[in-house]
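A.B. asks: Okay, handing you the structure first.
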Amino acid sequence: MEGNCFNQTVFLFTLLLAIAASSVRGHSTRVGFYSSTCPRAESIVKSTVESHFKLDPTIAPGLLRMHFHDCFVRGCDASILIDGPNAEKTAPASQFLKGYKVVDDAKFQLECECPGIVSCADILALAARDSVVLTKGTSWAVPTGRRDGTVSKASDTDGNMPGFQDTVDVLKQKFAAKGLNTRDLVTLVGKHFITVRLDLPNATVDTQFWLLIFNQLSGAHTIGTAACEVFSYRLYNFTSTGADPSINPAFVSHLQALCPQNRDGSRQIALDTGSADRFDTAFFANLREGKGILESDQRLWTDDLTKTFVQRFLEVRGSLGLSFNVEFGKSMVKMSNIEVKTGTMGEIREVCSKVNEY
């Protein structure tokens, strides 16, 4: 018991250091922001997520993915929630985001409890954390105090989201542009926040679309699924001799049986083989064994720098081990502070899907 208490203390201390580092960079979010103005804010969000999760467990990765999407476009300001003919949620990359009703339900309850206090951006950040906990991940302290943005443009999604065919160097650049480093990349891509281009059979260029895929967070790809259409190009005619050589040959046969060529491409396959609904490090073990479903995932094992972090999460002999749960919490704190609006910036929306009318 003493060891468990010690580990928990170290975990919380590490997260507090990460939060302090965020404050140094100029953010004014803080843990317990609503402790006096809306004391039940976090518990209301948690209970709302739990009630929806009981009815539909896919809500968990959906909310995690939505938070990632929101932060990578205009910062973590809930702009993804705004309705409108040309709003972010209408962009091809946003077409299949899931969890809007959860946020709306939480907001409704919070407006009854403490009107005009809790932002939609904070609700989404808290809901993402609660989703990880529901899938057996470890909790972390979420700094709050974000305000909601008033602008939402579909065009702002162009070029911001990581893509499933991006090289590791491109992924590094996209994460660095948001103040995230290579460790954050391996940790967060691990649960998957990757934008996937999906070419439908017999589709024209106009009907091709971008599908945001989550895993259980590259750390997020540890929970979630992908349609056969997304990755089957790796199984057939990837090279002149056949499948992508980076895939374990035995796993190629397994995937080909699940996703026969020119058959139903909509079938969903677990991104984290053997641990699709649990937040853990099995995703990284799969990469080591050549069982990464998405090409961008497997590349984390072939790039020297990202491979180092994968090995550390797996505590490979000779490497300095890392606790995935600790690192995931730290990376989520950093990500949730991307370009946040605080103080007098933005607003506190009355309804998450609508900018306030003054």
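Cβ coordinates come from backbone N, Cα and C, glycine included.
Worth saying up front: this structure is predicted, and the values here are computed from it rather than measured.
Features from TrEMBL:
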ACT_SITE  HIS69  active site, proton acceptor
BINDING   ASP70, VAL73, GLY75, ASP77, SER79, GLU88  Ca(2+) 1 binding site
BINDING   PRO162  substrate binding site
BINDING   HIS221  heme b binding site
BINDING   THR222, ASP272, ASP280  Ca(2+) 2 binding site
DISULFID  CYS38-CYS114  disulfide bond
DISULFID  CYS71-CYS76  disulfide bond
DISULFID  CYS120-CYS352  disulfide bond
DISULFID  CYS228-CYS259  disulfide bond
DOMAIN    28-356  domain 'Plant heme peroxidase family profile'
SIGNAL    1-26  signal peptide
SITE      ARG65  site 'Transition state stabilizer'
A.B. asks: Residues near the Ca(2+) 1 site, ASP70, VAL73, GLY75, ASP77, SER79, GLU88 excluded, by Cβ within 8 Å of the Cβ center?
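C.D. replies: Checked against the 8 Å cutoff, the neighbours are HIS69, CYS71, PHE72, ARG74, CYS76, ALA78, ILE80, GLY149, SER152, ASP156.
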A.B. asks: Can you tell me the CA-to-CA distance separating CYS259 (disulfide bond) and SER79 (Ca(2+) 1 binding site), as a whole number of Å?
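C.D. replies: On Cα coordinates alone, these residues lie 36 Å apart.
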A.B. asks: Measuring CB to CB from CYS352 (disulfide bond), give everything in the same chain under 8 Å that is also at least six residues away in sequence.
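C.D. replies: Within the chain, CYS352 (disulfide bond) has Cβ neighbours under 8 Å at ALA78, LEU81, ILE82, VAL103, ASP104, LYS107, CYS120, ILE123, ASP148.
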A.B. asks: Using all protein chains in view, find how many other C-beta atoms are within 10 Å of the C-beta of CYS38 (disulfide bond).
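C.D. replies: Neighbour count, Cβ to Cβ under the 10 Å cut-off: 18.
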A.B. asks: Have a look at the recorded positions CYS38, SER79, GLU88, CYS228 and say which one has the shortest Cα distance to CYS71 (disulfide bond).
C.D. replies: SER79
A.B. asks: Mind looking up the mean pLDDT for the domain 'Plant heme peroxidase family profile' (28-356) in the predicted model?
C.D. replies: 84
A.B. asks: Report, as a single number, how many Cβ atoms besides its own are within 10 Å of the Cβ of CYS228 (disulfide bond).
C.D. replies: 19
A.B. asks: Work out how many Å separate GLY75 (Ca(2+) 1 binding site) and the residue listed as 'active site, proton acceptor' at their Cα atoms, rounded off.
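C.D. replies: Rounded to the nearest whole number, the Cα-Cα distance is 9 Å.
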